[in-house]
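Novice: What follows is a single structure, and I will ask about it in a moment.
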Amino acid sequence: MSEFATYSSIDQDLSTHSRENPNIISYSNDINSYIKSRNNTYSLPLEIKNHKPYITEYDDKYHKKKVHFNNNKIEFIHNNIDSINVGILTFLALIVRLWKISNPKQVVFDEVHFGGFANKYIKGKFFMDVHPPLAKIMFAMVGYIFGYRGNFSFESIGLDYTDDVPYVAMRIYSGLCGIAVIPIAYYTIKGLNFSRYAAFLGALLVLFENSLATQSRLILLDSQLILFASFTLLSWVNFYANKERPWSFDWWYWLIGTGVGLGLTFSVKWIGLFIIATIGLATIKDLWDILGDIDISMFSVIKHFLARALCLIVIPLSIYAFFFQIHLLILTKKGTDYAFLSPEFQATFKDSNTQPTYYDVAYNSRVYIRHVNTNGGYLHSHNHLYPTGSKQQQITLYSYSDENSEWLILPQRDKEKNKLGQILKDGDSIRLQHVPTGRRLHSHDHRPPMTDEEYQNEVSGYGGPSVSDPRDVWIIEIVKGRDKESSQYIKTFDTVFRLRHKNSGCYLYSHPVKLPDWGFNQQEVTCGTDVLKANTLWAIEKNMNDSFDEQTNKMVKPRRLSFFEKLIELNMVMFKINNELTSSHPYESRPLDWPILKRGISFWGSSKSTSIYLIGNPFVWYLGSISIGIFVIYYILFLLVKQAKAGLSKKVRKSLIKLAYPGGLLFTAWATHYLPFFLMGRQLFLHHYLPALYFSILISVIFIDTILLNRFRQPTTKIIIVAILSIIAIFNYKKYSPLTYGTPMSYNHCLSMKMKDTWDFDCYKYK
């Protein structure tokens with residue numbers, strides 16, 4: 001409907017009538033609020049009839065008509081249409097997300113990991129994971145509230161849950177997070193100034209997307225991730241809507257909300273960095289616009305910058321640190337993964353048995369040598385031989401400091417007995433003798449078993465107390481120390497050093513490559529010349545010497561780390577573990593496969609003709625992917641419109657401009673949640689695309705609203721279009737629901753779902 005004039009004419013008319021009838025004055029503010037809430041589209045003079053104001057609307061297609069204005073009624077309807085829509089959608093979401101959520105009564109996919117982590121939280125035993133702690137803490141809390149005490153193993157997919165495991169409650173929590181995304185999607189589209197029809201359709205498409213439903217019905221992290229990411233975007237949209245009212249309550253409320261959302265998202269998964277990138281780019285644009293406004297003083301620009309720095313940097317980092325503090329306050333015992341940590345960190349656990357050790361490292365010291373840069377652990381050997389190369393005794397890294405990690409430091413020559421007891425310094429030549437077997441640390445011109453490169457030599461255990469070989473000699477090179485003394489002499493804990501092979505010039509080296517079963521899956525140790533320096537760094541952790549005396553020789557324990565030192569170390573270890581996830585998986589996929597939905601993931605299967613397979617709703621998925629392509633075309637047109645005003649109709653130009661900010665924001669969100677995966681070499685799965693999928697759905701809806709729904713004036717026509725699209729989405733959801741819920745289906749039904757040969761769910765089990 002086309003209406004003309006401004007609400008100022010209404011004010012003028014109202015003022016005139018109010019002099020004649022004072023009762024009209026009370027309507028003024030409410031009417032203006034209503035007019036402004038309708039984007040100032042109501043216009044021509046307000047008239048008085050029966051002491052009631054009414055607005056004249058002009059419809060250039062049909063005829064002039066008068067709409068009586070009853071403020072209370074209109075405001076009630078206006079406010080409650082959204083509430084009614086959201087209520088309907090939320091009710092449907094409760095059904096879709098929670099129906100048969102107890103099925104299967106078995107461990108599904110990564111419930112193996114996150115259920116197991118809940119056990120460790122409940123028992124207070126430390127563990128390492130690549131994800132921050134928030135979502136895992138929440139699952140553990142739900143389990144504990146419902147009486148779980150961490151006694152179920154979660155060791156394998158398909159393991160039957162016992163009655164003491166509140167897996168249903170834990171899944172319901174995940175489902176509730178998925179449900180909360182639906183109203184957020186609705187209000188995000190509304191907040192971007194699109195119609196209620198678009199908002200309803202967008203929320204409904206998110207609701208009936210099979211992969212989002214599957215992921216939010218299990219003890220997995222993604223439903224919390226998407227909830228907090230979507231909340232962050234909603235908060236930013238509402239903050240931006242208040243940009244003309246800086247420093248108001250709503251302005252601060254939504255800016256702080258954005259920061260809280262960033263912190264929560266980042267505290268679930270590091271993928272939360274992507275929503276930080278989205279908001280960061282939006283903030284840069286926002287500040288650039290403020291800087292370019294000549295009506296805003298530089299002092300105000302600085303205030304705007306500081307407000308955003310506080311809310312979008314300080315608050316998220318504080319939230320992130322807070323949940324790690326909770327994480328460490330709960331996990332006070334060593335657990336099985338303590339070997340990933342430095343001795344200083346290990347010493348902070350309640351059950352740590354760290355004993356004082358000699359500070360000075362000397363000839364004749366028996367030491368444990370820890371690799372600094374990887375999580376492999378300690379220089380290690382055992383009475384087993386390499387099956388290839390020299391076939392001498394294996395040298396490895398082992399995560400735990402057992403007796404096979406003990407080495408005796410000897411001078412370069414046996415006759416240098418006068419050196420016994422002398423403190424080691426930079427440049428000293430030493431031999432290392434494996435205490436349990438008597439073999440010496442040795443290197444020679446043989447290729448290592450796993451790294452067959454010319455610049456890498458094998459390291460082995462060779463010879464013994466009665467055998468001297470020049471290829472057993474290593475030269476100490478101190479890299480850094482905690483102070484001046486530990487930078488010149490080898491000190492326990494405080495000195496980081498390299499060992500250079502005297503005969504060949506290569507450096508003792510290890511990297512995250514595991515030996516096969518014959519090497520007990522321990523980490524490979526080599527001697528390399530052209531290798532990463534960080535992987536040649538070592539430190540002494542435990543130091544014993546029979547010629548020392550506790551009364552005269554300094555004894556030390558690992559120094560106590562501050563919380564922030566532990567936070568930094570934990571995150572560095574998480575980063576290393578994440579980068580080492582390079583092994584293959586039968587259901588892994590690459591980013592190029594995701595927009596075309598090339599394949600899914602088998603989550604669970606049984607012998608009773610049921611399975612859970614993560615696959616998207618094809619209609620919703622491809623609608624989102626196509627919309628991304630449409631946006632690229634749109635943006636090219638938008639740039640042309642900015643450069644040349646001719647060539648496009650006024651209506652098309654207006655539509656392009658209207659889409660500019662919301663389309664750009666959503667496209668940025670999609671791109672930042674998708675494109676970075678191309679840079680990752682680690683294992684990737686379809687579920688990594690789900691946050692980007694959410695944003696692509698919102699993009700599809702704003703295009704439908706602008707290109708299709710706005711072409712029609714009649715609400716009935718718009719409702720029909722929304723209904724048709726909704727029915728198609730629901731039909732596809734229903735079709736693929738057996739794979740979402742793990743319910744029985746026929747063989748023919750299974751075959752009918754296979755749109756691609758690469759969709760590798762097994763239909764033969766349904767025969």
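Heads up, the Cβ atoms here are built off N, Cα and C, so glycines get one too.
Copying in the features that TrEMBL gives for the protein in this structure:
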DOMAIN    358-412  domain 'MIR'
DOMAIN    421-479  domain 'MIR'
DOMAIN    487-543  domain 'MIR'
REGION    440-464  region 'Disordered'
TRANSMEM  130-147  transmembrane segment
TRANSMEM  168-188  transmembrane segment
TRANSMEM  219-239  transmembrane segment
TRANSMEM  251-284  transmembrane segment
TRANSMEM  305-324  transmembrane segment
TRANSMEM  619-638  transmembrane segment
TRANSMEM  659-680  transmembrane segment
TRANSMEM  692-709  transmembrane segment
TRANSMEM  716-733  transmembrane segment
Novice: Please spell out the DSSP helix, strand and coil residue counts for the domain 'MIR' (421-479).
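Specialist: Going by DSSP assignments, the domain 'MIR' (421-479) contains 3 helix, 28 strand, 28 coil.
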Novice: Of the listed stretches (130-147, 168-188, 219-239, 251-284, 619-638), which one yields the highest count of Cβ-Cβ distances below 8 Å with the transmembrane segment (716-733)?
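Specialist: By Cβ pairs under 8 Å, 619-638 leads among 130-147, 168-188, 219-239, 251-284, 619-638.
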Novice: Mind tallying the domain 'MIR' (358-412) by DSSP state, helix then strand then coil?
Specialist: 3 helix, 29 strand, 23 coil
Novice: So what's near the transmembrane segment (219-239) in sequence-distant terms, Cβ-Cβ under 8 Å and 6+ beyond its ends?
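Specialist: For the transmembrane segment (219-239), the list is 108-111, 114-115, 118, 131, 134-136, 138-139, 167, 170-171, 174-175, 177-178, 180-181, 184-185, 187-188, 191-192, 212, 250-251, 254-255, 257-258, 260-262, 264-265, 268-269, 271-272, 275, 278-279, 282, 665, 669, 673, 687, 690-691, 694-695.
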